[in-house]
Amino acid sequence: MFDVFGSVKGLLKLDSVCIDNNLFRLHYKATVIILIAFSLLVTSRQYIGDPIDCIVDEIPLAVMDTYCWIYSTFTIPNRLNGKIGLEVAHPGVGAHVAGKDEVKYHKYYQWVCFVLFFQAILFYIPRYLWKTWEGGRIKMLVLDLNSPVVNEQSKADRKKLLVDYFATNLHTQNFYAYRFFICEALNFVNVVGQIYFMDLFLDGEFTTYGSDVVRFTEMEPEERSDPMSRVFPKVTKCTFHKYGPSGSVQTFDGLCVLPLNIVNEKIYVFLWFWFVILSVLTGIGLVYRLATAMGPQMRMYLLRARSRLAPQDQIETISNKCQIGDWFVLYQLGKNIDPLIYKELVADLAKKLEGKEIV
């Protein structure tokens, strides 16, 4: 089992230079790891174990298993609440009249592992776009200043290069910042879109699935209907047709056990809560980003928080002279440069922008 998750270890590696933020990393690191781990877990049980076992008289078990795996199994929604052993064999499994009773096919069953992996790819796309657009700019600008132990001459030279870079490229870096903001918006569109994608995949059951499970746990035992048994039944029906000795069509009703649904029901409960929380946090992050894009005062407060060692007047000078792109690059550098060196960089940059000589 540990080998199954071994391929996920590479995603846990931390980057030496930070080019985004914690919320962004929840999308392309935490969520991608979760989805790939779940996909591997389902795959290991699906293709190493036995994903379906069907029972029916007169039909070889291997044939029935293969047939029901390909053509999907079903339950009868109006048999979900019958008494097990008396009215129904299992929740949703009972006698039904073809054409009269509604049947619900569970076509998602064999596709769960592929869909989870596809979702992981979608969550990585905004990160891939930003990494491509960013082009290693922050890594190039850091120039080993993320270490507190730097030769004084090298430190002075690299600080001068940074100050000259900002002075030369002043007011030309807005597009760089806007591309990051676009990727943040894509994160939000992606997570909300995936909630509705999973709802479509599970035949309209996902958007209320988590809240239904919570409501189920709070209800009295005799009044409640298990939503997990409705969406992810462990026992289903499968109808097999074949020709009899006289050439007439014979119909056989079989019972199928779906062991993977024991895992699937837990996976999708977790994903419901994770996606809802992630979409709320990302929405709040977009409001925060809008505030920074529209409010110079907000940017000044954030820069002051990032460079607490720098005097107030230097922060105000930089905030007044810089546009959002310049502020964003400087703010990102603050995440990667040693605080003492960053304080000196802010001081030198403030002097440069004021037209003073840097000593």
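Just so it is clear, glycine is given a Cβ too, placed from its N, Cα and C backbone atoms.
Annotation comment: Swiss-Prot describes 1-22, 131-180, 288-359 as topological domain 'Cytoplasmic', evidence class sequence analysis. Under the heading transmembrane segment, Swiss-Prot lists 23-43, 110-130, 181-201, 267-287. If you look up Swiss-Prot, you'll see 44-109, 202-266 marked as topological domain 'Extracellular', on the strength of sequence analysis.
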Segment confidence, the topological domain 'Extracellular' (44-109), expressed as mean pLDDT: 82
Dominant neighbour of the transmembrane segment (110-130) in 23-43, 181-201, 267-287, by Cβ pairs under 8 Å: 23-43
Helix, strand and coil counts within the topological domain 'Extracellular' (44-109) (DSSP): 19 helix, 11 strand, 36 coil
Residue counts (helix, strand, coil, in that order) that DSSP gives for the topological domain 'Cytoplasmic' (131-180): 34 helix, 0 strand, 16 coil
